[in-house]
Amino acid sequence: MGYESLSSEMDWICADAWKLTLGQSMFFVGSVIGTLTLGCLADIVGRLPILIVANLIAMAGNLLTILGTDLTLFCIFRLISGFATDSNFVMMYILVMEYMRPSLRTLGLSICIGMFYCLGSMAAPWIAVLTGSWRGFLLSTSLPLLLVPLFYLVVPESIQWLIATQKYDKAVSCLKRVARFNGKEVEESAFEEFIEECKYSQQNQKASPHLLHLFKTPRLRRHTLILFFKSMVITLCYDAVSRNVQGLGISPFLMFSLSATAILPACLLIIALQDRIGRKAMASVSLLLSGVFISGTGGLLFAASASSKTTKLLVSLSVIGRFGVTVAYNSGAQYATELIPTCVRGQGVAAVHVAGYAFTFFSAYILFTRSIFSPLPEIILGVLSLLGAGLCLLLPETLNRTLPTSLDDGENFGKNDRWYSFSFLEKRTQSATTLATQNAKMPSDSSVYF
């Protein structure tokens, strides 16, 4: 389509193809360092400043990349760009979640991702085609980030973070701002009572918790390690699915857009089911089905390559595979954000994401095992997914519950839950108990009701 890529302009092909790989690997190194650094800073200075800083760093890194005419500069500038690649998403996710009441968390988060991320992903390849070169693409997608500082005029700081850091006056100021926007009038005594309740609930809270405190107590440590493993499995499976569909015989621009169409349906499915069956059931079932489907996709891909491989079949399998993994990834991301206490949420969620990214290092080696035994990559990914699904059963449910704010809250959160405790089963049990109670109170002669 006339698009000039970086590798073609720099002539980084054949024997020099490793240069582009090295530059992109530096992008990953930057993402690991930046996600942890900015995640820690988000728990110190706030979510909103880090959200803005992360987007500005990403813009600077991309604009500088345009000037990177040699390998050294290219690697440095890609590291700068990668420094913010995950934090600009994570901070948005945390801000939206910390303002949503429990019944609206899934809807709010899924709409943000499903609608806007889907549209952005579908449009990205065609922006590249219209600009005609990698420099034009970076320029056109970076300059709009200059509008991000205007978030200060629109988006309030996280009230949960302000409460967790005992900045009660600023929390009240944000609440009043939200009330004015919604056209609500709240008496001053209500805010005063709110501050007193916050102070009372935090009077025994220890100051300045950090990431390592997640591993100090047994239950919180177990939950954190499970979240780490789940993120590793989902991210690895997502990367492996992407690598398994290379060379489909169609334009990579078209393939990217087709693959992105799976994002919105996956988020709509989460909206429809996650608040009905609960977070734990959604995480476990999506990992289970994702693992089964990835294994099946691998088998079908192998069979197709051995017989009459068709582009239409492989593209369809790719899109459906993206759909399954997106459901598992997005539901898992919300689950992790809800389980980690507010006081270390920025650091904790960042660490979970970094663990997932780091684990994709093994993706290429898992796929390489195909040279030993053809179905082996799918077997490995399937087993990992089943393990992840089983471990999710050990996590507590978060649906319609007040999220943990302090480390003590996180340690005691869902203490009475069992591995077989699911939100939708609890609702049925409660309904059955209520019905039985009503029947027990009903007179033997029911005609009195008519």
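Heads up, residue numbers simply count up from 1 along the chain you see.
Each residue, glycine too, has its Cβ placed from N, Cα and C.
Checking TrEMBL for transmembrane segment across the ranges 20-41, 130-151 points to 20-41. Looking just at the domain 'Major facilitator superfamily (MFS) profile' (1-400), the mean pLDDT is 80. For the transmembrane segment (313-336), the list of distant contacts is 93, 97, 105-106, 109-110, 113, 227, 230-231, 234-235, 237-238, 241, 244-245, 248-250, 255, 258-259, 261-263, 265-267, 269-270, 274, 279-280, 282-283, 286-287, 289-290, 293-294, 297, 300-301, 304, 348-349, 352, 395, 398: same-chain residues at least six beyond its ends, Cβ to Cβ under 8 Å. Only residues 6 or more beyond the boundaries of the transmembrane segment (71-95), in the same chain, are considered here, and those with a CB under 8 A from a CB of the stretch are 19, 22-24, 26-31, 33-35, 37-39, 42, 47-48, 50-51, 53-58, 60-62, 64-65, 109, 112, 155, 158, 333, 337, 345-346, 349-350, 353-354, 357. Taking Cβ pairs closer than 8 Å, the transmembrane segment (224-241) reaches residues 214-215, 283, 287, 290-291, 294, 297, 318, 321-322, 325, 328-329, 332, 335-336, 339-340, 348, 351-353, 355-360, 362-363, 366-367, 377, 381, 384-385, 387-388, 391-392, 394-395 in its own chain, all 6 or more past its ends. Same-chain neighbours of the transmembrane segment (107-128): 3, 92-93, 96-97, 99-100, 134, 136-137, 140-141, 252-254, 256-257, 260-261, 263-264, 266-268, 270-271, 274-275, 330, 334, counting only residues six or more beyond its ends whose CB sits under 8 Å from a CB of the stretch. Within its own chain, the transmembrane segment (379-396) has Cβ neighbours under 8 Å at 222-223, 226-227, 229-230, 233-234, 236-237, 240, 280, 283-285, 287-288, 290-292, 294-295, 298, 335, 339, 366, 369, 413-415, 417, 419-420, counting only residues six or more beyond its boundaries.
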